[in-house]
Amino acid sequence: MRLETQALVPYPVRFDRSHHDALVVLGATATGKTALAVALAQKYQGEIISADSRQVYRGLDVGTGKDLALYGSVPYHLIDVCDPYEEYNVFRFQQAVYGIVPSILRAHKVPIIVGGTGLYLDAVLRQYALVPVERNQALRASLRGASLSHMRAVYFSLKDSHAVHNKTDLEDPARLMRAIEIAVFHATHPELLQQARETRPMMRAKVYGIQYPRSMLRARIRARLEQRIRGGLIEEVAALHKGGVSWQRLEYFGLEYRFTAQYLQGIIATRDEYVDLLFRAISRFAKRQETWFRRMQRLGVKIHWLVHTENGFVLR
């Protein structure tokens, strides 16, 4: 299922440095984004910046599909930058990109941002105004023991429901608490948000997206999942837990880690059930990714779609 990195011919990609200073490659899971990004980096003297919220973590290799051998001699950034117990978020990602992109440009190379974490990509392409927010112990104490529905009501009293960046925060109490904390800070410190807006660097990025027909994408997801299981996904999750990463923390790292952790604990009874449940969950996740990218388009991000057809990839 791997795309050959030297085969740029099937992709109608064009990049002119006089009009753009960066490239972005996005798409749903299992669409071959990394392979295309590596080929572009080889062609245009680029350096890759990973926009994957899980590849930042050391030790999460098989389940996140790091496949570092694919990069060859191409320099890459934001892979293996923190330990599993650390918090990594969209603010840290945005700040890192704002530092990395200028350094790549100063070296007369092309920054190539690649990934499928829509929130991270959107934060850079639409330049979210983000500021660091400390933990608010008094607020946390006031909401200790509150129900999820009450916490959601508090959150929506502070933030327009249509402006919610990451709706998965609404399903997890810890993440929802953090979202409330940030919303309260933003409401009480508007001057810092304004300052963040005024100091955002400009980046002229040309954005390409890879898209497959639904049936073909599901086949690619299935093949890649089986490849990862053969490649040691279950053993990786077991080793992470043995090394001190809790089952609860492992579930935070996404579907591969969540379902594998449940299988190892006996919550999922059989291997066949585990594989089937995980495949279905990843397929649903791919649909949510595509929905996010369509939302980005509606909000002004121009995406040049490379759509797979029976005659190869066409630009739409």
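Any Cβ shown, glycine's included, is placed from N, Cα and C.
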According to Swiss-Prot, which stretch among 16-19, 52-55, 308-311 corresponds to the feature region 'Interaction with substrate tRNA'?
52-55
Have a look at the recorded positions (Thr31, Thr117) and report the one with the fewest Cβ neighbours inside 10 Å.
Thr117
So if I measure Cβ to Cβ from Lys33 (ATP binding site) and keep only same-chain residues at least 6 apart in sequence, which ones fall under 8 Å?
Val25, Leu26, Gly27, Val114, Gly115, Gly116, Ile210
Fewest other Cβ atoms within 10 Å: which of the binding-site residues Thr29, Thr34 wins that one? Let me know.
Thr29
Using the alpha carbons only, what distance in Å do you get between Thr31 (ATP binding site) and Thr117 (site 'Interaction with substrate tRNA') once rounded?
13
Select one residue from Gly27, Gly32: among these binding-site residues, choose the one with the most other Cβ atoms within 10 Å of its Cβ.
Gly27
